[in-house]
Amino acid sequence: MASNDSDSQMKIVHGDAGYILEDVPHFADYIPNLPTYPNPLRSNPAYSVVKQYFVHMDDTVPQKVVVHKDSPRGVHFRRAGPRQKVYFKSDEVHACIVTCGGLCPGLNTVIREIVCGLSYMYGVNKVLGIDGGYRGFYSKNTITLTPKVVNDIHKRGGTILGTSRGGHDTGKIVDSIQDRGINQVYIIGGDGTQRGATVIYEEVRRRGLKVAIAGIPKTIDNDIPVIDKSFGFDTAVEEAQRAINAAHVEAESIENGIGVVKLMGRYSGFIAMYATLASRDVDCCLIPESPFYLEGKGGLFEFIEKRLKENGHMVIVIAEGAGQDLLTESMQAMDQKDASGNKLLQDVGLWISHKIKDHFARKDKMPINLKYIDPTYMIRAIPSNASDNVYCTLLAQSAVHGAMAGYTGFTVGLVNGRQTYIPFIRINERQNKVVITDRMWARLLSSTNQPSFLSPKDLEEAKKAESPTQLLEENNCNDVGDAEKEQPPKDEQESGNHTDNGIKTQN
């Protein structure tokens with residue numbers, strides 16, 4: 001294989017048959033002659049019975065899972081997991097963990113498993129929690145984290161470390177890392193946080209420091225690209241169903257009852273889409289990616305009237321970013337942003353509720369009873385469910401294995417059911433969105449029997465906007481309804497089962 005550095009954030013390796021590895025940086029790229037040490041897991045009794053526990057140096061995971069017989073092999077990412085050689089002695093590791101951005105189910109689980117993974121797998125006993133997000137590096141106290149301290153935090157929502165938006169001063173952060181003698185930094189946060197992690201990595205590399213920067217992507221909206229899904233998403237969908245069920249009960253119990261539920265989804269409607277598919281009680285789902293209109297033939301008001309005449313009640317789920325272009329006073333609000341650079345949106349759920357009430361108030365023969373439910377902060381604040389707890393454990397342990405093996409400037413994530421190391425640049429390049437010309441959205445429309453609200457012109461533009469390559473390679477989570485995507489990966493318990501025979505050394 002021939003390799004070349006496209007930039008300091010990603011190494012491109014070309015192989016036969018169109019194989020392309022988008023590799024993550026390593027200490028060896030910029031620090032020569034670093035010593036290596038045998039992985040402590042060799043003598044760890046927990047893994048003494050595991051065959052092929054160490055990941056082969058050439059193990060990669062394809063981004064494109066659907067191929068044709070003449071297709072090139074396409075883009076791959078480095079498979080996550082422990083290596084035979086590590087670049088840190090256990091007693092020299094001084095790690096820190098920071099959480100940034102909004103709350104998400106599973107944050108405490110990730111914190112717990114990073115601490116326990118470092119301690120139980122690698123014998124590390126110096127782990128700090130940075131209090132209050134990025135600004136905590138230089139303006140707040142730290143928290144000493146031990147397995148005992150984090151023992152039961154996964155049972156609580158939120159983050160024991162506290163969080164904040166903004167406050168990113170790269171120079172001060174890296175100065176603090178140096179002053180404290182920290183050499184592993186675990187950064188848990190969304191796309192803005194991962195962009196911050198990128199510039200921290202660049203500054204660490206510029207200074208020639210042996211400091212591993214590892215990201216764990218967090219977004220309850222599931223809008224981070226490349227990865228199958230983000231942690232906390234399953235929990236959010238599960239909890240959203242409770243709000244949908246309450247809206248359904250309210251609507252069903254009164255004449256012409258309408259339940260409106262606003263769910264999270266600033267730019268991407270994944271929670272609304274999956275909660276709708278899961279609940280089966282929703283008559284109409286509105287998301288940011290699919291435009292809709294209110295008045296006239298084929299509009300939302302006409303559909304509501306039709307469904308009320310048929311069933312006597314209905315439930316509407318709307319993502320917070322949907323219909324923002326319809327809000328008459330939205331233009332000024334859309335120019336305002338929070339500390340993380342996200343648009344400050346108006347409450348579309350409240351707005352659409354008033355619009356529906358006003359419309360039917362003018363129709364004397366059809367009085368309605370509308371209930372509006374906004375469970376946003378209830379969903380964000382709960383502990384993660386069983387599925388997300390397992391996923392958080394895999395993410396945390398994968399990050400620990402990567403940092404110990406000398407990788408840096410990477411984020412961990414599930415790609416086609418396998419844990420991988422992904423260059424920061426791929427996580428930051430765009431936002432993942434529901435593809436309304438894809439099968440999953442068609443499944444929702446078939447389930448709810450709602451109109452798409454798209455004109456022929458809108459539909460043609462949507463089809464042109466998404467190429468077949470994008471659908472196959474980049475929007476894996478849009479099609480996770482398929483049976484093979486629903487099943488949990490059989491060997492992601494770090495069993496190392498793969499086609500390579502024997503244990504081979506990581507370079």
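Keep in mind that glycine also has a Cβ here, set from the backbone N, Cα and C atoms.
Going by TrEMBL, these are the annotated features:
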DOMAIN    96-401  domain 'Phosphofructokinase'
BINDING   Gly102, Arg165, Gly166, Gly190, Asp191, Gly192, Thr193  ATP binding site
BINDING   Asp191  Mg(2+) binding site
SITE      Gly192  site 'Important for substrate specificity'
BINDING   Thr219, Ile220, Asp221, Met264, Gly265, Arg266, Glu320, Tyr377, Met378, Ile379, Arg380  substrate binding site
ACT_SITE  Asp221  active site, proton acceptor
REGION    452-507  region 'Disordered'
COMPBIAS  457-466  compositional bias 'Basic and acidic residues'
COMPBIAS  467-478  compositional bias 'Polar residues'
COMPBIAS  482-497  compositional bias 'Basic and acidic residues'
COMPBIAS  498-507  compositional bias 'Polar residues'
Most crowded position, judged by CB atoms within 10 A, among Asp221, Glu320 as binding-site residues: Asp221
Cα distance (Å, whole number) from Gly190 (ATP binding site) to Met378 (substrate binding site): 19
From Arg165, Gly166, Gly190, Asp191, Gly192, Thr193: binding-site residues whose CA lies within 10 A of Arg380 (substrate binding site): none
Integer mean pLDDT for the domain 'Phosphofructokinase' (96-401): 92
Integer Cα-Cα distance in angstrom, Glu320 (substrate binding site) to Asp191 (ATP binding site): 18
Thr219 (substrate binding site) to Asp191 (ATP binding site) - Cα separation in whole Å: 8
Number of Cβ atoms other than its own within 10 Å, given for Met378 (substrate binding site): 14
Neighbour count (Cβ, 10 Å) for Thr219 (substrate binding site): 28
